[in-house]
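Over in Swiss-Prot, the protein carries these features:
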TRANSMEM  7-29  transmembrane segment
COILED    62-86  coiled coil
COMPBIAS  189-203  compositional bias 'Polar residues'
REGION    189-222  region 'Disordered'
MOD_RES   SER197  phosphoserine
MOD_RES   SER198  phosphoserine
REGION    240-299  region 'Disordered'
COMPBIAS  244-266  compositional bias 'Polar residues'
COMPBIAS  277-287  compositional bias 'Basic residues'
REGION    326-371  region 'Disordered'
COMPBIAS  330-362  compositional bias 'Basic and acidic residues'
Amino acid sequence: MMVPSFILWDVGSSVYTYGSLFIIALIIWHVRRSHRGLRLGPIKSCTKCFRRIKQKPSDRTLRVKKRTTKEETEKLQKLLSNMKRQGWLPQEGSVRRLLCSDPSCPICNAMALEIQQLLGVENKKTSSSLLRHSRSFSCLEALSPPKVLNDQSSELSKVLNGQSSELSKVLNGQSSELSKVLNDQSSELSKVLNDQSSELSSQHSKDISLPPKFMQSQSTDQKLTLSAPLSTGNTVLQCYHPAPQQQPEPQGSNAFQDVSGLSSSSMDEHGVPANQQKKRKKTKKLVSKNQAAPSEAEMENKMTFFSHWVNPEVKCDRPEESFAFYKSETGAKPKTGEPKKSSAKVRAEEPNLEKHAKDLKAKPLHAKRNI
């Protein structure tokens with residue numbers, strides 16, 4: 001007991017005992033706690049948080065996929081309905097050619113089958129179509145990643161939209177061209193109709209607006225030719241009356257030839273009736289040209305002049321006008337046709353006629369007749 005190593009035990013035996021007991025208790029508590037943790041696992045609150053952290057990204061991906069599938073199906077249905085209305089549905093082999101050139105590609109084959117099913121279904125409900133789309137998309141997801149499917153669907157939608165826009169442009173261009181052609185044809189027809197109506201109206205106005213003096217002169221000439229008695233004889237009367245002062249001198253020769261034609265026609269009415277009608281028509285035309293607007297006094301003077309020329313025995317209260325009868329060169333033989341005159345003879349007679357017209361203004365002429 002007197003050994004120095006045992007001095008501490010003797011001095012602080014109480015402190016040593018209490019300290020050793022406290023250390024032993026701590027070791028036991030720690031061992032028990034670790035043993036409980038291995039049995040029960042983590043705490044419930046911690047497990048819930050851990051589960052939420054793990055489940056959030058998976059739920060989001062599923063929800064996004066569902067939304068995308070619904071939106072895509074709705075867009076496809078709208079496009080198909082519009083294409084069916086306007087008749088723009090593609091053929092069976094054209095869709096597969098657009099997708100891929102490799103015939104053994106499983107993704108393109110699946111898409112082509114899906115498109116054929118969509119085009120073939122017309123009268124089924126939307127629920128069945130949605131289920132079919134979901135199944136097809138699930139199969140495609142198993143075969144390929146979702147990015148490839150989204151890219152292919154976007155490309156298909158772009159192609160369909162481009163085709164629809166091109167077809168609408170073509171239809172609009174054709175409709176505008178047809179409208180232009182119809183407008184041009186209608187304008188041409190309206191112009192033709194207006195021209196025809198204007199021509200008809202002008203013709204009608206010309207027919208209505210005939211000069212009354214010309215009509216009166218024609219009626220008086222017809223009365224004279226009908227009322228004048230026929231003279232019998234073998235002589236040919238050539239009459240001449242002076243032209244008015246307003247007309248030029250060459251018209252005197254024309255008047256002389258016209259009156260001579262009238263006298264020969266009146267003398268030969270019994271022989272040639274056909275020639276008589278032709279001569280009457282010629283005289284009417286020449287009288288209307290030479291006398292464009294005759295007055296009433298001139299018409300009365302003509303009446304008296306023609307009555308004296310056809311039959312000199314007819315009497316009238318008016319004073320006698322100056323006229324002359326020339327002997328015919330043919331003698332007493334009657335003429336059966338029109339007297340033929342050469343152009344040289346007519347040219348030689350023109351200066352004599354002008355001189356004779358001047359003399360007639362100064363002195364009255366006497367009528368001569370050869371029986």
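Please read every residue number as a count from 1 along the shown chain.
In case you wondered, yes, glycine gets a Cβ from its N, Cα and C as well.
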Restricting to the coiled coil (62-86), report the mean pLDDT as a whole number.
80
Within the compositional bias 'Basic residues' (277-287), residues counted as helix, strand or coil by DSSP:
11 helix, 0 strand, 0 coil
